[in-house]
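J.: Features from Swiss-Prot:
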- 1-7: transit peptide (TRANSIT)
- Ser14: phosphoserine (MOD_RES)
- Ser19: phosphoserine (MOD_RES)
- Lys32: N6-succinyllysine (MOD_RES)
- Lys32: N6-acetyllysine (MOD_RES)
- Lys66: N6-acetyllysine (MOD_RES)
- His79, His135, Asp154: Fe cation binding site (BINDING)
Amino acid sequence: MAGSVLKIAGRRLSQHTGSGAPVLLRQMFEPKSCTYTYLLGDRESREAVLIDPVLETAQRDAQLVKELGLRLLYAVNTHCHADHITGSGLLRSLLPGCQSVISRLSGAQADWHIEDGDSIQFGRFALETRASPGHTPGCVTFVLNDHSMAFTGDALLIRGCGRTDFQQGCAETLYHSVHEKIFTLPGNCLIYPAHDYHGLTVSTVEEERTLNPRLTLSCEEFVKVMDKLNLPKPQQIDFAVPANMRCGIQTPPS
């Protein structure tokens with residue numbers, strides 16, 4: 001199969017094959033949970049992946065895939081979300097041949113369970129999997145194979161980060177994940193998060209390394225800040241998390 005999960009050990013794939021076209025990227029927004037969904041495709045093979053689809057906008061995503069003449073191989077989740085129900089189960093029904101993907105450490109059901117170091121191939125491109133736990137134990141960051149862009153889920157947000165006070169979160173673990181798995185990428189690597197609540201769409205590794213008010217702190221100071229956030233519980237957590245544990249392979253009831 002052209003879209004297979006491969007192990008990459010110490011080598012970097014090229015984003016381009018010869019003079020081939022660059023990766024196709026579309027960033028989409030779901031306003032209720034302020035979630036970004038990302039569509040990436042190979043303009044030559046027409047193979048594509050979706051990152052962090054939302055149930056309420058899965059029909060929109062499927063329509064865009066069809067309009068662009070793409071073949072969706074994977075609906076991928078960066079982690080088991082607490083603020084929305086994933087659209088991956090519905091997309092499997094809407095676009096036959098699509099498979100759901102999530103980290104094995106998430107404990108959620110899916111067609112494919114990935115681990116740190118795995119690569120999701122679509123045409124000439126690949127998304128490298130970097131385990132980035134802390135927000136949840138199963139969080140991963142997906143890095144395009146030329147290291148030009150990273151899809152950080154809730155681990156790293158623009159000038160912020162995911163909370164660590166539920167779903168077995170750990171502030172110290174998150175701090176080390178970001179510094180060791182994301183901040184080690186090139187400074188001009190684009191950062192695309194799973195959420196933004198201020199109208200921002202993209203950042204860079206260098207910006208976040210130098211300007212992120214939480215992650216420029218020491219680890220000890222970061223843990224203290226995270227412990228004092230005292231945020232309200234996500235409105236959808238009580239039904240979103242149970243649903244997301246199985247919606248990788250099931251279409252949610254209407």
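Placed from the backbone N, Cα and C atoms, the Cβ positions cover glycine too.
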J.: Given the binding-site residues His79, His135, Asp154, find the one whose Cα is closest in space to the Cα of Lys32 (N6-succinyllysine).
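T.: Nearest in space to Lys32 (N6-succinyllysine), counting only the binding-site residues, is Asp154.
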J.: May I ask which of the binding-site residues His79, His135, Asp154 is closest to Lys66 (N6-acetyllysine) if we compare their C-alpha atoms?
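T.: Among His79, His135, Asp154, His79.
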J.: Would you mind listing, in sequence order, the residues at least six apart from Asp154 (Fe cation binding site) in the same chain with a Cβ closer than 8 Å to its Cβ?
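T.: The list for Asp154 (Fe cation binding site) reads Thr78, His79, His81, His135, Thr136, Cys139, Cys161, Gly162, Arg163, Pro193, Ala194, His195, given in order along the sequence.
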J.: Among the recorded positions Lys32, Lys66, His79, His135, point out the residue whose Cβ has the most other Cβ atoms within 10 Å, with all shown protein chains included in the count.
T.: His135
J.: List the other residues in this chain whose Cβ sits within 8 Å of the Cβ centroid of the Fe cation site residues His79, His135, Asp154, in sequence order.
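T.: Those within range, site residues removed, are Thr78, His81, Gly134, Thr136, Cys139, Gly153, Ala155, Gly162, Gln167, Ala194.
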J.: May I ask you to report the DSSP-based helix, strand or coil state of Lys66 (N6-acetyllysine)?
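T.: SS state of Lys66 (N6-acetyllysine) = helix.
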